[in-house]
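Database features, via TrEMBL:
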type: TRANSMEM; residues: C:29-52; note: transmembrane segment
type: TRANSMEM; residues: C:98-119; note: transmembrane segment
type: TRANSMEM; residues: C:131-151; note: transmembrane segment
type: TRANSMEM; residues: C:172-192; note: transmembrane segment
type: TRANSMEM; residues: C:204-223; note: transmembrane segment
type: TRANSMEM; residues: C:260-284; note: transmembrane segment
type: TRANSMEM; residues: C:290-310; note: transmembrane segment
type: TRANSMEM; residues: C:322-345; note: transmembrane segment
Amino acid sequence: MANFQLPAELMQALLEKFPNIEVQENQMVIVSADDLIPFMSEVKENPDYALDLLTNLTAAEYNDHFETVYNLISITNGFDLMVKVKLTDKDNPSVPSLCPLWGGANWQERETYDLMGINFTDYPGHPTRILLLDTFNGHPLRKDFKWEGGRE
Amino acid sequence: MKTQTYTLNLGPQHPSTHGVFQIVLELDGETVVKATPVPGYLHRGIEKLAEARTYAQVIPYTDRMDYMAGMLMNWGYVAAVEKLMGIEVPERAEYIRVIVGELSRIASHLIATGAYAGDIGGLTGFIYTFRDREDILDMLEMISGSRMTFSYFRIGGVAEDFPAEFFPAVKKFIEKFPSCCDEYDGLITGNEIFQVRTKKVGVITPEAAINYSLSGPVLRGSGINYDMRKARPYSVYDRFDFEVPLGCNGDCFDRYRIRILEMRQSLRIVEQALEQLPEGPIMAKVPKVLKPPAGDAYAEIESSKGLFGAYVVSDGSPKPYRVHFRRPSFINLGYLGKLCEGWKIADVIAILGSIDIVLGEVDC
Amino acid sequence: MGENIFTGIASGLSGLLDGAGVPVLWNDVILMVVKLVAILVFILVNALWLVYMERKVAAYVQCRIGPNRVGPKGLLQTAADIGKLLSKEFTWNKYWDIVPYILAPVLIFVPPFMIYAVLPFGENMAAIDMNIGLFYFAAVASLTSIILWAGGWASNNKYSLVGAMRVVAQMVSYELPLVLALLGVVMLTGTLNMSEIVYAQENVWFIFTQPLAFLIYFVAGLAETNRTPFCLVEGESEIIAGPYTEYSGMGFAMFFLTEYASVMLISAMCTVAFLGGWLAPFGLTFIPSWLWFFLKMYVMIFIFMWVRWTYPRLRVDQLMGFGWKVLIPLCLANIFVTGVGMYIYRAIGW
């Protein structure tokens, strides 16, 4: 499979600009929640990266933290980049919403909120449930979720 | 004169919402003031179900997402697990995947084309495309034993090699299909009323298309040259000669037209793949119990509706810790509300049809 | 021999009653009732047949077989369908305005039937040979929209309401070009009597002298009968079934059969006004006149069906725009040209 990772020098430039980010071997970038919006605007607006298509936005739950995962693609350059945000507050995981940058984040954030219970701050209005009923209790993709009722 | 808007619940039981999809329309006479899509009626919690299955047992669930192109859904999930485990798929298996994947893509586009003609009011086009889709389903049944939910892909390869009777059937299909496309062009594309109904309707600007993460024919209809098979070739797609059809206006007609052009290109890929089909094994050496190393992987493929991605997290056990599917129909629908504003009720149907959704995939 | 079969039966019956000493008034009444019942049976049988024919034509266009299980070649399919619809339970819904809801399917058959009474099916074969036949047609045909609207309103369903509003908008807009197209024919003949219009076509059918009027009539006729590409009233993929959404069982069947009765009516009117009615072309008079009428009518019906299974549907604003901005100006132009032509024709004095 061909490689479409960011070239090393661009990655270096990113590291200089955002010293707090952590880059793993397969180019997964871990960003802190505070840095997320500036970081995303940089890789989106800067023509060197031009990572302009937010393809995927989701979240995963781990024992001691939540992680939101963002996948970006550049249409002009062909690069891809995976960005993660670690949310250590397990009781109230919240992360800035990407809606101001990408309209496409809207539904994906609603879905993530609905199923995983991540709060997106600055979301236009509060994210509402999208797949489940508005009256549904709990967030089913969390590991501690237990379905009460239904078929025996 | 004092007038008042009213609310119309289009769906979830409606002939042309392509399943159980609901749009709450606020209407001023026949003009849409506000459209609120309400997905979720077919939500089965596939992502949650997957956490309680082994890696191989998830494959049949992926079939139930985009059941119009089940092979491609299999592929997206399998690709992510293979990326996670670092499995090298044998070359013959890659070619088989390309062939069945492209046949699935044609089948899916045939439904989109025919159903779109039906949405606009010409039911005959619907029957014509179904007639030809039947040939593809017959072939896929020969290969996998099933007409819709194939579960044909395996982690590391495919389930079976092509049976002998597949080759004459696909050869016949390749000869016949271009004339079928001409027939659709004559019956549907060339019709003046169809063009009046679809041209300049529901225009998506290139900027909006990128901003809203649209993909597939919807993105390319707006003139953006992004087909993953070409832009970031996966599998063996870099070995085939094909073109990426693009629209120029971003209207319903372009999105519809691109599907017909793509079917012709898919046919070319199938033809070339059959010529190049190498001998060899169809399965990589994979352990009986799959235990990927702890970590995560995200892989994307170009499905018939757009970019289909799978995000798989492993904790080292035989069951996936977390699975997420990036479903193109779901994300393409995110723009529907804005797109419908200001159009008539009939246009809402035309716009929805041109996005080509499958509810199994939207609601997952 | 076949030519006078129906007129013969009528006069035979009249003579029989006369011989039995029935007064002249009663004789006429009985004869009229017999004629009307004959027409009613004719419409119903034809509607049944047309449903079957439509399904077969659709199947042919769509590379299918169509109904082929009930009876020989599936001929009894529609009868079976009607039987099923008849046996359906009448459901009751408190949200309906029940009186107009029930009245609409009952009354919907009346306007087409009223018009059939004045149609000349053959030479001397109009049940009532009315001297303002064409005017009567235009007046009665527009009643349908009120009945459909009543049904849509009484259903208390938004899809029905949207459909009902479309009925009114569409029928009113397309009534005008329909009547104005016929006006060209009336100008040429100087009469509103349908039989006289047919007689006036002995030398040349009006489709040749009024081709534009014929086309406008055909298009407006498609719209009047709510057939594709003007099937916005039903608009299956948009508004479910328009005013028929809330109807089931026989109520729906009445609307359904009336659609075919209307198609037949528009085709019959087309035959009378433009295709020479019962007149035999090329001197082929050995075929009875009523059979000629029938043949021409069915050619028109087939074209209606052919169009339906080929074209998609227009949008509502495009429909109105086409009616008011294209068809009506064309109609007026046609009337103007016809008038000037007639004036010149007379001035030359042929």
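Think of each number as a place in line: the chain as shown, counted from 1.
Heads up, the Cβ atoms here are built off N, Cα and C, so glycines get one too.
All TrEMBL annotations are machine predictions without curation.
Take the transmembrane segment (C:172-192) and the stretches C:131-151, C:204-223, C:290-310: counting Cβ pairs under 8 Å, C:204-223 has the most. Note: the stretches the transmembrane segment (C:290-310) and the transmembrane segment (C:322-345) are not in contact (fewer than 3 CB pairs below 8 A, sequence gap of 6 or more).
Between the transmembrane segment (C:131-151) and the listed ranges C:29-52, C:98-119, C:322-345, the one holding the most Cβ pairs under 8 Å is C:98-119. If one looks beyond the transmembrane segment (C:98-119) by at least 6 residues along the same chain, the residues whose Cβ comes under 8 Å of a Cβ in the stretch are 36, 39-40, 42-43, 126-130, 133, 136-137, 140-141, 143-144, 147-148, 150-151, 153-155, 194, 243, 246-247, 250-252, 254-255, 257-258, 261-262, 265, 268-269, 272. Packing against the transmembrane segment (C:322-345) from elsewhere in the chain are residues 170, 173-174, 176-177, 180-181, 183-184, 187-188, 210, 212-213, 216, 219-220, 223, 314: each is 6 or more residues past its ends and has a CB under 8 Å from a CB in it.
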